[in-house]
Ligand SMILES: Nc1ncnc2c1ncn2[C@@H]1O[C@H](COP(=O)(O)OP(=O)(O)OP(=O)(O)O)[C@@H](O)[C@H]1O
Ligand SMILES: Nc1ncnc2c1ncn2[C@@H]1O[C@H](COP(=O)(O)OP(=O)(O)OP(=O)(O)O)[C@@H](O)[C@H]1O
Ligand SMILES: CC(C)C[C@H](N)C(=O)O
Ligand SMILES: [Mg+2]
Ligand SMILES: [Mg+2]
């Protein structure tokens, strides 16, 4: 299905170029880039850069927070879709479970008589969501491809409809006054309020960094390999001794837990949730973040999430056209970058690099990738 | 290893994959690189490779006792009987050929053995244990590995990673271990990479270790499948037409490779239509026709067996 | 007087059963379900066709359907019928107007589908985009089309125009069957048969099937892949246009910018239920979904309608992982 | 056997209309002294104050939001034209209509110091989500439409409701149904919105024993055969539909098509010309309740709106127009900070087009009449206040 | 004039150059064989001819017309038909429907000639006749190969491209396949371009042959010449 490209005319994919460049840096150079970059990311809400800002239409800090929470979701969904290749159209269900668990545990509107602090709710919410991932996954994961997609879509809708229909979950009346972390400033005012996005953004970015590291560990392991194998050819994977069902369940549960975490953070930030806003469209937008950024590429999906939130918010000022712009932007982006903003191969190549290195008997080091990259570059020059 | 040099890197002036890797292969390819090494380096490297390729599993019993047994295996698809109570057994350390006309049921036999199909009746026993109820991945772990007639690689993964998936069958790190990077993860990861690389070298395609499997030529893909299957450390290696798509010279290499595999202590079951390969490599041959076993014996005997000649060989093989 | 009586989920009474109502309304529900399900089915065929050939869940198909609704609506308007009223027409005029509106809707939907294929999907194909990308592009297209309607025609449904009032044609076990319902069901079946005949009995149809299974090899057989894709979208669009007409007749206030969304999801569910890629499956899935939804609503209450639809889907797929009529083709041979 | 004929003979379900007098129109004169945005043309404001609409523009139920937004914009324009000495800017913020997305634009409005007052938010759910933020910022918000009762019970100091809430409308509707219409059995159909749910509960409670059956539908649903089936089986004298016109219109139409003749009573969310258009003949004779004085009898407003936007004013356009007027009056007096405008609204007293505006402690209007209406010859006609 | 002419053809996969400057001529009525090791570019050459893989340099001329940029399906209409590597059997179509797909571009699908061709295929492969209503996807590997060849024959092409037709077939059938190729060439006058690993047989059958190595033509000559060439024997015939 692909067309030929003459050798000379080939453009090196942007992602690959970026990667090459990154690979060509020394370890300390990499840190030298990474630290200011992370610092810049943290500083964004304070800098509120003139061209980038979404104001006056929308509060930039809150937009950033929303982008961050969607990024967290995209990272979770990327495990399921990008890594294991399980098309999940109902991922919003996990987000909802996380948010609702938090709300039920902490909101005064809840049928529970005790209200727990937010920090206690978060791990519980993650756990409950992971379990819900197992509950949904166990019966459905033997379905293949798009049958799984529509079933997950169905489950996502069922979660929303249960929230809508079941009395204790309060439908559109919702749960108000979901608290955030109880941190106060010197003057006694709360740090985490719903109208100030900055602390929430910082919190979420920190969570993202931690999750990225953990998920990255997974991807660079037997587990990640098994996921990709399942994505590529489930039967062959099974024949090679991969317990496909178990690993698919793990993918579902891990993905769900991350989604639940995001839901929990979200509930704390807005302080009010009801059964609206957990619909199919939202779910598909999550997926759009993943695909737009580059399914399978963690950094890519973060970028994708940012766009999904940012584009409509940026055009708040012409509200009537913003979703039109958004829709067209998606189409255009996909045509020009069909592999997503960043391609997906980054992780897998590290193995090749390591092994290749060792094979030709030079790099003895396996634990540190950057050492190998550095070395590899040495060969290239 | 090959009178004719395998395609070298010269034909691939720019390989995007290796380029993305940040590792442009040494000029002249791996082979040249090996040649450039000093004798000591070379010896060290080869020792590494050999150590890594050697199977960890000790062979407890000597050659000769039954490893796998098919008992009255029957497989029906609707009205079609693809296997009709087929029984035979494979002894440890032997290379058994499974031949027969197209559609005789050879691949079906593999599929029934490896759990792809549930046999309609009959049983498969590995070391006396029934495989009937076991899951497919479990059968692999129990010690049967296979290749596929229609190549089934993980196309987007590199050749090396494909093999590593095989080595993972013997690894036990699961999600918690991987998330927390426990020591076992490191140990397994390292051992797996080494072993996989060694296997690629063993089957002769190490120079394309970092290429996507999808982009490899057909013959390389076949070899990669063998390496991947070997990586699971099987007691029994099942090859479904491994020589398909090879030219005679390459087939000779394959024969040598299969022999080497056996020398390393594996038992091999091979489906093959090429009589030179079959006669050159097998210790014993089972012949199927219309789902029934029609002969079972030494290659020389099979070659002469009138039933086999009529059903399968036709005019004495003229290709050699 | 009937009230919800039994309660499940213990004392909470979270969900009420109403068995009496289920029995009472059995035939009426069946008939209403069949006719509404026929609309699901017609839309589902579009999903199934496109899916079968491109393995693409064409989320924008619901907008193609909406385009058909608006096309039919504006045809009515153009023919001089007044909003808010039921026209009083002779039989000939009635049939003529409906035919015209149907043709316009089918042309509009079919054309839009082909256009969509051209501008949104073909460039992706040319660039060898992965499957998921098509899905996301479909979403983008769906957003864009919806917003265009919203911007140009506003957020409210167009005033309803009726050419025909539903009147009882006959009775089945005490449940009435209306003229519109009969037309809808008959049309769905006829169109399904035509589509099925086309795909299974004609040369082009065989091309469609070949492309759906292996586009590259199909090309080697001399099949013009691009034309097949276009044809598939056209056919799906045309059927959506037909569905649009009957939908508009059933629900005269259906001409609204986001009016396709819910129906689209249901129709897609129906397609999967029946076995996606299978035309007869789409019809069966649509009808079944329509009917079961109705039974379920009587039994559990209206708010459970969508839950019932999805639970039905999940249950069916548990037992038949490729849908009711889905190819139970053994998985690709090892 | 369904519909008209069915049911048999207990409560005389066949002819409920005979048990009551046909509700009639009470005389009504539109308030002559209504405050209009233009005011007296003598407004003098200090600085460049702005009024914001915060609510849905492009999101779900955008239609409802736009009807409000357009009225606000119209009011500001009329005001600016008439008052050279006081030019007020209009700003808008799209919340997408859902509590999930409402916060960011609201905070953006809060962060814009020129904005002194807000008209919004239209929906109860989003109002709930942003209430604390607005109160914290001291930014006054007059909602022209959010009717969920407990919004005024949250201790928010910024919140003012420009119409009666559902705990007023609900019982009034029930009284209308059982009293004026004389119905003895009533089916209550609700949608799943916070509004529909709350209102239906109020109505059902007030109906007491008369509530014969209930059924829930979903926002966005268009086919109601099952709900109508429940009604047919219950064969009530009247039906109350708690929801919006988007579902109300097809519901009414399908109800009549199925041959159900019982009285249909609908609330403010349905009281809109669109309902009449979309339900067609089925809207004839439908009764409506609304916690608003008849807003559709102001030809000048209707004309101006039509001229400006090319559409008729819709559900809460007039309320939004009034709410904007309240804020504008404050600015005309030269108020230049949020605290001042908040104070102005709190102490405001004035006749609007739709009603008298004067708020109590909670931000509820003191005078919250609920009126009944009926659709007659394709027009929504006022009947009388429900007492 | 040659029926098919490749003139300095280069093909790339992304940035991997799989063919460079390949020139091959096939005269009307000839059988020409391509041989070479794995990865030499044989399949790629076939794809370039049938048009599923675009050519980045050079020309493909068929019957005097430059078809370098012609769409693949239009090439089929001109009479180029390929039995691809990996068989490409439509898994969900029955054997009969698969064969019928081969005749997709034929105008005479209701005619006696068509029926005759079908009967011919079934005669050649009685196995397929038995399985005519079995879905292609459930056939054995060899049966699929038969379908692929039979399907190509159904097209009655002017130029038949066969990519490793003997792959996966039992020895008996292989003999048959070579006979069939000979037959359709001599009786129907079909020109054949053949990729075969079974080099000795292919060379014995072919009028002329080309040897590909790493994307280049390194040798060509008549079948006999190559068969006797020591280097070729050494590299491809496995006669050490
Ligand atoms: N899933 C299935 N459904 C129906 N028939 C099947 C199925 N799988 C295999 N068969 C039939 O069973 C028979 C045996 O097939 P099998 O693949 O085992 O043959 P084989 O001996 O491997 O042949 P080959 O040498 O051609 O690969 C064939 O005739 C095939 O058509
Ligand atoms: N899809 C692809 N992407 C990238 N490279 C490819 C692709 N297909 C083939 N190649 C490369 O092109 C070269 C030629 O491959 P080709 O398949 O033409 O060889 P072949 O001669 O047919 O080999 P075999 O005998 O194994 O079939 C090989 O180096 C191969 O790796
Ligand atoms: C616009 C309105 C009809 C809103 C409704 N009254 C609510 O409270 O949400
Ligand atoms: Mg086989
Ligand atoms: Mg090849």
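Keep in mind that glycine also has a Cβ here, set from the backbone N, Cα and C atoms.
Here TrEMBL flags C:39-57 (among others) as transmembrane segment.
Remote same-chain partners of the transmembrane segment (C:64-83), defined as residues 6 or more beyond its termini with a Cβ less than 8 Å from a stretch Cβ, comprise 43, 46, 97, 100-102, 104-109, 112-113, 116, 145-146, 149, 153, 158-161, 163, 236-237, 240-245, 247-248, 254-255, 257-260, 263-264. Annotation comment: TrEMBL describes C:64-83 (among others) as transmembrane segment.
What TrEMBL records for C:89-116 (among others) is transmembrane segment.
Summarising the annotation, TrEMBL assigns transmembrane segment to C:132-153 (among others).
Summarising the annotation, TrEMBL assigns transmembrane segment to C:173-199 (among others). Beyond the ends of the transmembrane segment (C:173-199), by six or more residues, the same chain brings 26-28, 30-32, 34-35, 38-39, 41-42, 45, 49, 164, 166-167, 205, 208-209, 235, 239, 242-243, 246, 249-250, 279-280, 282-283, 286 to within a C-beta distance below 8 angstroms of the stretch.
Marked as transmembrane segment by TrEMBL: C:228-249 (among others).
The transmembrane segment annotation in TrEMBL covers C:255-276 (among others). Among residues of the same chain six or more beyond the transmembrane segment (C:255-276), those with a C-beta under 8 A of the stretch's C-beta atoms are 37, 39-41, 43-48, 51-52, 57, 59, 61-66, 69-70, 73, 146-147, 149-150, 153-158, 247-248, 282-286, 288-289, 309-310, 312-313, 316-317, 320, 322-327.
Under the heading transmembrane segment, TrEMBL lists C:283-301 (among others). Residues of the same chain lying 6 or more positions beyond the ends of the transmembrane segment (C:283-301) and with a Cβ under 8 Å from any Cβ of it are 4, 15-19, 21-22, 24-26, 29-30, 32-45, 188-189, 192, 266-267, 269-275, 307-309, 312, 323-325.
Taken from TrEMBL, the feature transmembrane segment covers C:307-326 (among others). Counting only same-chain residues 6+ beyond the ends of the transmembrane segment (C:307-326), those with a CB under 8 A from a CB of the stretch are 266, 269, 272-278, 280-281, 284-285, 288-289, 292-293, 296-297, 300.
The listed stretches are C:39-57, C:132-153, C:228-249; of these, C:228-249 has the most Cβ pairs under 8 Å to the transmembrane segment (C:89-116).
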